[in-house]
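These come from TrEMBL:
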{"type": "BINDING", "residues": "A:Glu137, A:Asp167, A:Asp206", "note": "S-adenosyl-L-methionine binding site"}
{"type": "REGION", "residues": "A:306-327", "note": "region 'Disordered'"}
Amino acid sequence: MSHFSDYKDLIQADDWALIWISRDNIKPVKITAGATFNTRYGSFPHDDMIGKPFGSQIAVRTRGSNKFGFIHVLQPTPELWTLSLPHRTQIVYTPDSSYIMQRIQCSPQSRVIEAGTGSGSFSHAFARSAGYVFSYEFHEIRYEQARKEFEDHGLLQDGNLAITHRDVCQDGFAIQKGDKTTFFDDERLNESPSPVQINANAIFLDLPAPWSAIPHLDEVISQDSKVSLCCFSPCIEQVDKTIEALEKQGWTEIEMVEIQGKQYESRRQMVRHLDDALQRLRDVKERKQMGVERRKRMFNKLISDQEEPYEQRPETPKTQFNPFGKGSRVKEGDTGFQWKEVSKVESEIKSHTSYLTFASKIVNKTRDETLVAKLADEIRGSGAKVSVPNKTDDKIGKLS
Amino acid sequence: MNAVTHISFNTHVLVRLPSNNLKICELKPDSDISLGKFGAFKTNDIIGFPFGTTFEIHYDNAVDDNVAGTGSDSTSRSSKNKFKIPVGTISVIESGVASRSGSDEEFTPQPELQLIGNSDSNKNLINVGNSIQKLTTEEIELLKQQSASGEDIINKMIEAHGSFHQKTVYSQEKYLKRKKQKFAKRFTVEYLSSSGLLQYLLDKGDVTRALDMSEESLGMILNLANIRSNGTYLCVDETGGLLVYALLERMFGGSNDNEAAGKIIVVHENEHANLDLLKFSNYTEEFMQKHIKTVSILDYFEPPTLSEVQEAFTPLSDDQLKAMKSNKKGAYYRRLKWYTGQLDIIDWATKLQYDGLVVASTLHLPTFIPRLGQRVHGSRPIVCYSQFKESVLELSHALYSDLRYLAPTIVETRCRPFQTIRGRLHPLMTMRGGGGYLMWCHKVIPTDPSEVKAPLPLVSANPEATVTEAKKQKIE
């Protein structure tokens, strides 16, 4: 049972769920009959969740008041997992991982090498789309944590991901029987040749020294098709050494890019018209004028020696005109006022994650001449009518 | 041969030219492909090589069999033929034709430059304009006519250049690169990926059609929408099929043999869906009909009722069908097709629960998305693309006040490419602006407040949380 790869309808016991408390508070939880999920807003019995569809809001009344707190129970996806996961290392965030997957054309055709596994967030995204993912982690404790997590999440059972404990910079990528790897645990792969036919066509290196791993790639990459690679390094010096190693090993189309992801809050700004601001000042001025005139009269009485120059201070009425709610706390979006929809960039942005250095390599630029001749003959033999349908616009017309 | 990894007959491929422009070619057997001033070649000559291979066109042995419309007797041919490009032979070359930022050929000094002197600075270089080049335009044209290779022409131009040795090595490289873009007869054949298709649209100036979308936004849509090969997705695609193609590629990787059951229900605004760009895809018609379904917004939002459909048509039993005259069968099957089509529409519009909603539309989003979102299953993502931040902002405000949508977020992603040459790393001086914005949220199922239970006896929770406060928290 995979908690990520199947689209689930109902929340059931033993499911992994992500409980959304707030944007920056998402908790992975294993749904267990009889258990309770506690937050500062209330306690939520798992039994209230079981049997409801994923995405359900669960609410409880808080004690002694008529208010209630609530949570949402979501099915995990790699992107939500990235927001909630326990960090073992710096993680690859979605703006970077999505660009990398798009650029190296990650699909069921991809055989991916990922080194190192780290917190495993990118492994989840790769496993969703790729034909097979070979993930490598050199830190033994992190390897064990990741292996257990992949097992808990059903990634290993899905049969398209294996994690191997390995320092790829030292010992390369080849996987053999007897290595500390989950590869041979899969019954279908138990009888696979050793070393494993990795044939990777997509490589992701998130290592402190990718240049020492690059020379080891040749023995595990696809020999007869294009291989795409991405190195993920925070420092420009690492990029420089990576380019040097890539050039030396015959990688081409080397290009480094940087991704900047931003999120915006949707906010409202009060619309305050000049005319209203003017009117407000006029109002202030008018009432000020009343005081000025009173003092003027008192002064005139004083010089003309009239007795009792003091005039009673008149009761000033509170202003009638306060278009912007000055002095009171106005809530953003208060319907008594006019608002404009605005966006505000998050207060702290990830201004630098890492540099992404892409490259590609084709080991064998040859073709099977006899196969091509045979194919050409076959097509000619079939009388110019081709196996692939005619690519014309009406194909789309027929679709509708 | 695998059409996803190797250049194959009867597929569409991307061809990258020395000018860094892209061209989509269909590889018909026994045909010729012309790349304009960069030459022409026989399709069969490139079949079977892995995607990503760079080829060079040669004309050295000048076999005139292949030459259409040039040579001494060209005067007698029709004027149309005069513009035909001679077809050359082909060889595989090691380095690429040009990379995305045009830098892969630059990292080591060019072999051509190692033989020629250069200057530490350009202090002696005086700009005298065109007269520094001793070769006249006519002479260069003549060289091209003689079908000399690009390299020959460039070498002759360097020889005839009065002050080439006074240029710095950097500026010599730039000169070479410019001339190669003009005269090299090289091209690289690439697999037609969704990024490649997007790049092709942008290159030919079709930014509007792509709704100004960038590769990074496209990738972000696919990930945020959690696109996988077993999902059923509701999709609105105003890019003419680019978005649907990107979904297909992510789900099935260009393979017609993929047995995953994923489906895309495309809701469109006109009577017929415009997925014109799919004509370039290499999926079979059968495959696409299985995985792409199209329905107009009218049929989707106002589907026929079952009784209406059943009233209009009743399928016959096998026996009745056997008894039917063959000349009537055609009409019967047409009606049957209509009938099953109507039943499908009823299913899509009233029964299916979608695993994701992916929209790139210029319809007013605050009214459109909540209605499309109705049939999205709880916990599934909704991703909506717009060229303009204001459009997704308005949408996010609208969804924010709707309890069925959790945490609408406006997302922007931008890729900044670098000149990637050792010792000269820096961001490119210019890049494409724009790229669009996304709104991302999840469909959720709100509780009915009247059904909320009293707290558990053992709660030690802070009773401050109210609905509004919890809602406010979502902003934070």
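First residue shown is number 1, and so on along the chain.
Using the three backbone atoms N, Cα and C, a Cβ is placed for every residue, glycine included.
A TrEMBL annotation is a machine prediction, not a hand-curated record.
Under a cutoff of 8 A between CB atoms, and with a sequence separation of 6+ in the same chain, the neighbours of A:Asp206 (S-adenosyl-L-methionine binding site) are A:Val92, A:Glu114, A:Ala115, A:Gly116, A:Gly118, A:Phe122, A:Cys231, A:Phe232, A:Ser354.
Between the candidate binding-site residues, A:Glu137, A:Asp167, the densest Cβ environment within 10 Å is the one around A:Glu137. Secondary structure by DSSP for the region 'Disordered' (A:306-327): 0 helix, 0 strand, 22 coil. Between the two most distant C-alpha atoms of the annotated S-adenosyl-L-methionine binders (A:Glu137, A:Asp167, A:Asp206) there are 12 Å.
Note: the S-adenosyl-L-methionine site is recorded as A:Glu137, A:Asp167, A:Asp206; in the same chain, A:Ala115, A:Gly116, A:Thr117, A:Gly118, A:Tyr136, A:Phe138, A:His139, A:Arg166, A:Val168, A:Leu207 also have Cβ atoms within 8 Å of that site's Cβ centroid.
Mapped onto three states, the DSSP output places A:Asp167 (S-adenosyl-L-methionine binding site) in coil. A:Glu137 (S-adenosyl-L-methionine binding site) carries a strand DSSP state (E or B).
DSSP assigns A:Asp206 (S-adenosyl-L-methionine binding site) to coil, not to a helix or a strand.
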